[in-house]
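Quick notes on the structure that follows.
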Amino acid sequence: MQLTVKALQGRECSLQVPEDELVSTLKQLVSEKLNVPVRQQRLLFKGKALADGKRLSDYSIGPNSKLNLVVKPLEKVLLEEGAGRRLADSPPTQVWQLISKVLARHFSAADASRVLEQLQRDYQRSLSRLTLDDIERLASRFLHPEVTETMEKGFSK
């Protein structure tokens, strides 16, 4: 379906997306078209803010709909992220941006966005499942790699 995204500053773009597309994927496409970083975007439909994890169909957004884009000032975004982010929540944004660039070389924009979203979900799930034993094992491997190598050689005989 065809959508129009209009920024309050007057710029706008038309996008072709499936009706069940994720809002986060739409934001990625808007970022590419209007050169507005995803984290500074706030998309509105009929005055209601759209949540990244929801699909366009969840808001009854149909063909030829018009969405409004509010561009949040970078300072405000950084303050929000700093206040709401725990240290282990996610790797630095630069890591995700680098992964996104690599994916963009090998996939279409929509596919790259979906792969990146899945990687981020898998990363969060893996972190949330770490036990204290897992963390101790990882720490031992980093702090004492020679012991780990010796143990692995002993098992392979």
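Cβ coordinates come from backbone N, Cα and C, glycine included.
Going by Swiss-Prot, these are the annotated features:
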{"type": "CROSSLNK", "residues": "K48", "note": "ubiquitin cross-link"}
{"type": "DOMAIN", "residues": "1-76", "note": "domain 'Ubiquitin-like'"}
{"type": "MOD_RES", "residues": "S90", "note": "phosphoserine"}
{"type": "REGION", "residues": "96-138", "note": "region 'Required and sufficient for interaction with BAG6'"}
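Across the domain 'Ubiquitin-like' (1-76), DSSP classifies residues as 22 helix, 27 strand, 27 coil. The average pLDDT computed for the region 'Required and sufficient for interaction with BAG6' (96-138) is 88. Within the region 'Required and sufficient for interaction with BAG6' (96-138), the DSSP-based counts of helix, strand and coil residues read 39 helix, 0 strand, 4 coil.
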